[in-house]
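Notes follow once the structure below has been shown.
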Amino acid sequence: MSETLYTGISQLATPRPGPQRGAAMGDLHIIEDAALLVRGGVIQWVGPRAAAPTATHVHDLGGRAVVPGLVDPHTHAVWAGDRLSDWEAKLQGATYEEILARGGGIRSTMRATAAADVAELVALARPRLASLRASGATTTEVKSGYGLDFDAELRMLRAVRELQAEFELRPTLLIHVPPQEGRAEYVVGVCAELIPQVAREGLAEALDVFCEKEAFSVEETRTMFAAAQAHGLRVKLHADQFHAIGGTELACEVGALSVDHLEASGAAQIAALAASETVATILPGVTLHLGLPAAPGRQLIDSGAIVAIGTDLNPGSSPLFSTQLALALAVRLCLLTPAEALSACTVNAAYALGLSDRGSLSAGQRADFLVLNGQDWREVAYTLGGNAVAEVYLAGAQL
């Protein structure tokens, strides 16, 4: 079994293993002049170079900083078409209702995606995922949700499966937009047909629902959650993006992996998350692109919630192709410290996907790590527009 000791690490910065909350999110383990021993894709030892064990191979990283690989827990990286006209119309003052009336908005993405076959969707998604990987994402969640019908949803998930090994993807079935007619029948179909088929084919690890005034109600969400859990899927939620209607409280009640968005969360929702094991995932790219209020990241951490960060990469509200930039934006827009943001983008984001084997540079963890261009780990949160990441390692192998 291959064994490599990585030396020449000016500074190694990592959160402890497992979900971090409150003050622990900012309490990184930082080692100056560090070394890292990897065997069989798993970290065996981390510590000062002067105390390092011997190894078959030694690899000098050239005096640069090392941090864990980033985990992106929320993307919509599979879609067809574009929303450039929508974006320009919005800049000129058009309302979303006006954009919809012109044939734009999310339904234009759904039409284009429904018209694409699996091979086309794979070809479109691959460069997007490559951009996330280059920014430091070693594990990435990808949702369906742009299907006009169940067949289109399944094609999206099959496209994710084609790319799964290449990009270490975690697939999620997203129930995103209610049909314009036959809403009750649609929910029944999701529970009786779509979820069972997805579970049979192993196409997703979790079910996500958009719970919002303009989308699915709390009771509809509860029904779909129950069906998903009965078929062995974990559950997660889009909630509190525009209105707090009870979705966050439901997610905490049923033990959801995460609640994502949270821009409209108030004291009750923050308290519910703080008292739960459900992760609060904030998506600062939406704040930047749409000019909406930011999720209350500072308040969530101060209350004791487990906070993660995602890009929400999608064509309509967050064309953000860098997980690293999402981390940096969370510092500026959601008022996290650099250390908190690193924890949010690593161990906490992994926990939001139900993963405990990555996100920390500790013995027993997967050897997913980033070598930065500079000597100080804070470059990963400081840099805007450039790429602080020089090299990406997945299970100990440089990509």
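A Cβ is built for glycine as well, from the same backbone N, Cα and C atoms used for every other residue.
Per Swiss-Prot, the feature region 'Disordered' maps to 1-20.
Long-range neighbours of the compositional bias 'Polar residues' (1-13) within the same chain, counting only residues 6 or more positions beyond its ends whose Cβ lies under 8 Å from a Cβ of the stretch, are 28-40, 44, 46, 49, 52-67, 339, 342, 361, 375-377, 396. Here Swiss-Prot flags 1-13 as compositional bias 'Polar residues'.
Per Swiss-Prot, Zn(2+) binding site is recorded for His74, His76, His238, Asp312. Other Cβ atoms within 10 Å of the Cβ of His76 (Zn(2+) binding site) number 26 in total over all chains.
What Swiss-Prot records for His74, His76, His238, Asp312 is Fe(3+) binding site, and it gives sequence analysis as the kind of evidence. A simple way to gauge crowding: the CB of Asp312 (Zn(2+) binding site) has 27 other CB atoms within 10 angstroms, across all the protein chains here.
In this view, His176 (4-imidazolone-5-propanoate binding site) is surrounded by 20 other Cβ atoms within 10 Å of its Cβ, with every protein chain counted. Residues or ranges marked as 4-imidazolone-5-propanoate binding site by Swiss-Prot on the basis of sequence analysis: Arg83, Tyr146, His176, Gln241, Ser317.
Note: Tyr146 (4-imidazolone-5-propanoate binding site) has non-local neighbours His76, Val78, Trp79, Ile106, Thr109, Met110, Thr113, Ala114, Ala152, Met156, His176, i.e. same-chain residues 6+ apart with C-beta under 8 A of its own C-beta. The N-formimidoyl-L-glutamate binding site annotation in Swiss-Prot covers Tyr146, Asn314, Gly316.
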Any idea what the Cα distance is from Asn314 (N-formimidoyl-L-glutamate binding site) over to Arg83 (4-imidazolone-5-propanoate binding site), rounded to a whole Å?
10
Give me the DSSP three-state residue breakdown of the compositional bias 'Polar residues' (1-13), ordered helix, strand, coil.
0 helix, 11 strand, 2 coil
Pick the one among the binding-site residues Arg83, His238 whose Cβ has the fewest other Cβ atoms within 10 Å in this structure.
Arg83
Give the distance between the Cα atoms of Arg83 (4-imidazolone-5-propanoate binding site) and His238 (Zn(2+) binding site), rounded to the nearest whole Å.
21
So around the Zn(2+) site, His74, His76, His238, Asp312 aside, which residues have their CB within 8 A of the centroid of those CB atoms?
Thr75, Lys143, Leu174, Asp260, His261, Leu283, Gly310, Leu313, Asn314, Ser318
Can you give me the Cα-Cα distance between Ser317 (4-imidazolone-5-propanoate binding site) and His74 (Zn(2+) binding site) in Å, rounded to a whole number?
13
Which chain neighbours of the N-formimidoyl-L-glutamate site, leaving out Tyr146, Asn314, Gly316, have a Cβ atom within 8 Å of the mean position of the site's Cβ atoms?
His76, Trp79, Arg83, Ile106, Thr109, Gly145, Pro315, Ser317
